[in-house]
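Copied over from TrEMBL:
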- 44-295: domain 'G-protein coupled receptors family 1 profile' (DOMAIN)
- 28-51: transmembrane segment (TRANSMEM)
- 63-81: transmembrane segment (TRANSMEM)
- 101-123: transmembrane segment (TRANSMEM)
- 143-167: transmembrane segment (TRANSMEM)
- 199-224: transmembrane segment (TRANSMEM)
- 244-263: transmembrane segment (TRANSMEM)
- 275-295: transmembrane segment (TRANSMEM)
């Protein structure tokens, strides 16, 4: 009976989240800027959703995609920050196996969704600039909803196997996760036994999501650049460049920390662990914080609503 209980415990233990390894004493104060970023992200993205819903002129493909992005950002940041702040401020480090699995699922699924929505927004800009007269017919509301549904379905289908692959592992060594949240590779490193399937599938998902999305985004913006350079008006070219530049900034805020985190897990043994964890936290916080600012500043109707509220 005792042996059976030990085996069950080793397969499905409760975990302890360290927070930021090496900065356990400082993380109480580090949590304050993180909490401010989270508060701004929640307020900004909720405001975006309300404005897009209540302003009829914003019921267009670009802003419908922006509403999807705002919802995704809310789910991503809320999946991690409340628990993270409880670790930093209250020392509440324990997390059950199922809660950890659920957090892992939401983080990876909606990271994939965020990448997919950015890809769809790049496609929208390509159609709007290269085929302006056909824009409303090519990207109608049903098409936008279908694209959003496919992006969400892709995330769920690709990430669900992570949960089953983690569930089959045994954790007979340490149950201490050297991270601020439950992440696939951080859990795999705690498992005993053969984890090659987990590692290979993780690489496969990263390739499918990031490489596919980045390639389509790159092709879209290459075509946009060619079309913009042909515009006869200098003002029109500058307006198009400014619009595209804001999109590129948002994408860099997502993909650069994501790439850094991915490579550090596998090849960055010389990088201090606390640097890796801080960048991984910013990867989930910066896009939700920046998106409402970038897109809110660039949208006159949203700016006017904010001024009216203030």
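Each Cβ is built from the backbone N, Cα and C atoms, and glycine gets one as well.
When averaged over the domain 'G-protein coupled receptors family 1 profile' (44-295), pLDDT in the model lands at 85. Tertiary neighbourhood of the transmembrane segment (63-81): same-chain residues 34-35, 38, 41-42, 45-46, 48-49, 52-53, 103, 106-107, 110-111, 113-114, 117-118, 120-121, 124, 141, 144-145, 148, 151, 180-181, 281, 284-285, 287-288, 291-292, 295, 299, selected by CB-CB distance under 8 Å and a gap of 6+ residues from either end.
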